[in-house]
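**Student:** What TrEMBL records for Gly165, Arg166, Ser167, Ile231 is NADP(+) binding site. Residues annotated as domain 'Tetrahydrofolate dehydrogenase/cyclohydrolase catalytic' in TrEMBL: 6-120. Summarising the annotation, TrEMBL assigns domain 'Tetrahydrofolate dehydrogenase/cyclohydrolase NAD(P)-binding' to 139-279.
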Amino acid sequence: MQAKIIDGKAIARDIKEELRVEVERLKANGTVPTLAVVLVGGDPASAVYVKNKKAACAHVGIRSLSYELPADTTEASLLELVEELNSRQDVHGILVQLPLPVQIDEDKVLMAIRPEKDVDGFHPMNVGNLSIGRPGFVSCTPAGILELLKRTGIQLKGKKCVIVGRSNIVGKPVAMLLLREHATVTICHSRTEDLPGECRQADVLVAAVGIPNFIKGSHVKPGAVVIDVGINRLADGKLCGDVDYVECLEVAGHITPVPGGVGPMTIAMLMKNCVEAASK
Ligand SMILES: Nc1nc2c(c(=O)[nH]1)N[C@@H](CN(C=O)c1ccc(C(=O)N[C@@H](CCC(=O)O)C(=O)O)cc1)CN2
């Protein structure tokens, strides 16, 4: 039997509808949730993501302030802008679109954003809070993955979850979130011995490696939930995940497509974090 397809686009739409109500309530109480969106340079993919984030803000009712800086912007001037946004009472969230041009130290910029305005959840304070189970902003893609699992009714308590990929922005935070749900978590990476064998143990398999079609049907335990975090652009312009969708569709119990799976959840969770920032 074919796997059930987890429709991230539809779940993201539901979340944004729920947030519209919340934003109305905030506005009625005198707060206009406001997100500052900073884009440096002309990377075409980043420009599309920023455009989609601003459109999502408009849909939900969040005010967005746009800062589009040239590719040769210095680290000092970007830090100055972040400082100004940090100090503005009417700005609740700050988003600096990544990647940044090479002359700018990304870590320095992310650390300059005040943790309570860090709606991307990338500041070390928020990352640390997640790992010790304290409240804070959780980065949007990992939070989106958990929301997809929850809203699909996937039980996590006691289940074996295997994450392929140990990045700071996806693999590690997803592991922390799954642990928080009482799952048994394994993180695999390029040096893992017998990666297919580890993957085959998984009730929930999360692929975040950045290699097109890396996870084959033979990696998947029959009936497992397969979450594909990969967004790889192929030479023909088509998008492709880290999971061999055609093969895994025949083995898995649930699967996320690319596009239309985890990707749309990233923006929905950014909206959720902005509303939370404005509510505080
Ligand atoms: N400051 C940040 N920078 C970046 C982040 C981030 O969370 N914060 N993540 C990525 C890019 N990203 C959001 O910024 C993002 C990527 C993909 C999608 C998405 O919806 N993808 C669609 C396909 C879109 C397409 O056709 O190209 C999908 O998977 O269905 C949303 C947001 C790096 N930078």
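Every residue gets a Cβ built from N, Cα and C, even glycine.
Give me the structural setting of these features: burial, nearby parts and distances.
**Tutor:** The C-beta environment of Arg166 (NADP(+) binding site), restricted to residues of the same chain at least 6 apart in sequence and closer than 8 Å, consists of Lys172, Ile187, Cys188, His189.
Taken together, the residues of the domain 'Tetrahydrofolate dehydrogenase/cyclohydrolase NAD(P)-binding' (139-279) have an average pLDDT of 97.
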**Student:** Using a 6 Å cut-off on Cβ distance, which of the binding-site residues Gly165, Arg166, Ser167, Ile231 come close to any atom of ligand 1?
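**Tutor:** Passing the 6 Å Cβ check against ligand 1: Ile231.
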**Student:** Taking the residues the record says bind NADP(+) (Gly165, Arg166, Ser167, Ile231), how far apart in Å are the two Cα atoms that sit farthest from each other?
**Tutor:** 16
**Student:** For a three-state summary based on DSSP, what are the helix, strand and coil counts in the domain 'Tetrahydrofolate dehydrogenase/cyclohydrolase catalytic' (6-120)?
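**Tutor:** Computed counts for the domain 'Tetrahydrofolate dehydrogenase/cyclohydrolase catalytic' (6-120) are 61 helix, 18 strand, 36 coil.
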**Student:** Under a criterion of Cβ-Cβ distance under 8 Å and sequence separation of at least 6, what residues of the same chain contact Ser167 (NADP(+) binding site)?
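**Tutor:** For Ser167 (NADP(+) binding site), the qualifying residues are Ala208.
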